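Annotated active site, proton acceptor per TrEMBL: 126, in sequence order. According to TrEMBL, the feature diphosphate binding site maps to 10. Annotated Mg(2+) binding site per TrEMBL: 102, in sequence order. The substrate binding site annotation in TrEMBL covers 124, 125, 126, 161, 168, 169, 170, 220, 264, 270, 271, 272, 273. Marked as domain 'Phosphofructokinase' by TrEMBL: 2-296. Annotation comment: TrEMBL describes 103 as site 'Important for catalytic activity and substrate specificity'. The site 'Important for catalytic activity' annotation in TrEMBL covers 123.
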Ligand code: F6P
């Protein structure tokens, strides 16, 4: 078969492991794999590269994506869907494996409904895709954030400062929750649970009183209950997502004023997305790639491979992209036990 593959949306550690697995597994079937450059942009512009065994040697531990990525939305481009269909037809692509988050897979869902054979692979450091227990990239991002928190504890304690760590995650607090719990944060603030500034101040004071300095982990999408500290510039991407960031420094300024202790903010940003994938992410990404090729050869379409427990299963793409997976209150309550 001739299989197309692309990586769309924000890059994330493990994308190359999927590409490698698709090519290696496909080679066993005698498949030809065609990589599209820069996500849906490459399909729109028929910008592709053949992917054979030699092309994927050595890429397993590499972060990012050898195919490049973009946040291009063909449905936001005049005549976009028609151009996508024309490219697939011209290149003789019999099945497409898009690797992405809710946006990339949302496009895949619509193309599947338009008759394209699609098998999606879920990725995002945010871990906010419903229908899969985990996306690859998340474990690596949490590891990076946890290491940062570990390091910040020692410098914060030495200087008797509050350190506010802003992490990514968009509208889901998974990275903050896991990194904060793993790193022993004094407070974790997530978008799903608008926070009370007074309570954060109290937790910081309590931590100082115990002889240690507070670490406040704040998710980029978190906001106070009273509507203060609005930080978004309002800029949006092709899928209409607002660009987040800035809550960490804004909160640090308030905490400094309210606690009378020096406060600094560390915005981890894209460091969380870069670099080599963790073992968990390499294995999950590899298993997703293998399962995607199996699905293609079984004639499946309009589906996404997903992790349920320890099994790789197939779910409807429409189900996978219908809603975001957010942190449930009971998971946040577990983290709250350690606040202060
Ligand atoms: O979805 C992954 C993610 O890293 C989010 O956590 C973050 O809000 C967004 O992408 C940042 O996107 P960009 O790299 O385009 O600024």
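Cβ coordinates come from backbone N, Cα and C, glycine included.
Shown on the structure are the features that TrEMBL records.
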{"residue": "10", "record": "diphosphate binding site", "DSSP class": "coil"}
{"residue": "102", "record": "Mg(2+) binding site", "DSSP class": "helix"}
{"residue": "123", "record": "site 'Important for catalytic activity'", "DSSP class": "strand"}
{"residue": "168", "record": "substrate binding site", "DSSP class": "coil"}
{"residue": "264", "record": "substrate binding site", "DSSP class": "strand"}
{"residue": "271", "record": "substrate binding site", "DSSP class": "helix"}
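Fewest other C-beta atoms within 10 angstroms, among the recorded positions 123, 273, are seen around 273.
In this structure, the CA atom of residue 103 (site 'Important for catalytic activity and substrate specificity') is 10 Å away from the CA atom of residue 10 (diphosphate binding site). Within 10 Å of the Cβ of residue 168 (substrate binding site) there are 25 other Cβ atoms, across all protein chains.
Here the candidates are the binding-site residues 102, 170, 264, 271, and by Cα distance the one nearest residue 126 (active site, proton acceptor) turns out to be 170.
Residues near residue 124 (substrate binding site) in space but far in sequence (CB under 8 A, at least 6 apart, same chain), listed by position: 9, 10, 12, 100, 101, 102, 135, 137, 138. Sequence-distant neighbours of residue 271 (substrate binding site) (same chain, 6+ apart, CB under 8 A from its CB) are 144, 148. Among the recorded positions 10, 103, 123, 264, 271, the residues whose Cβ sits under 6 Å from any atom of ligand 1 are 10.
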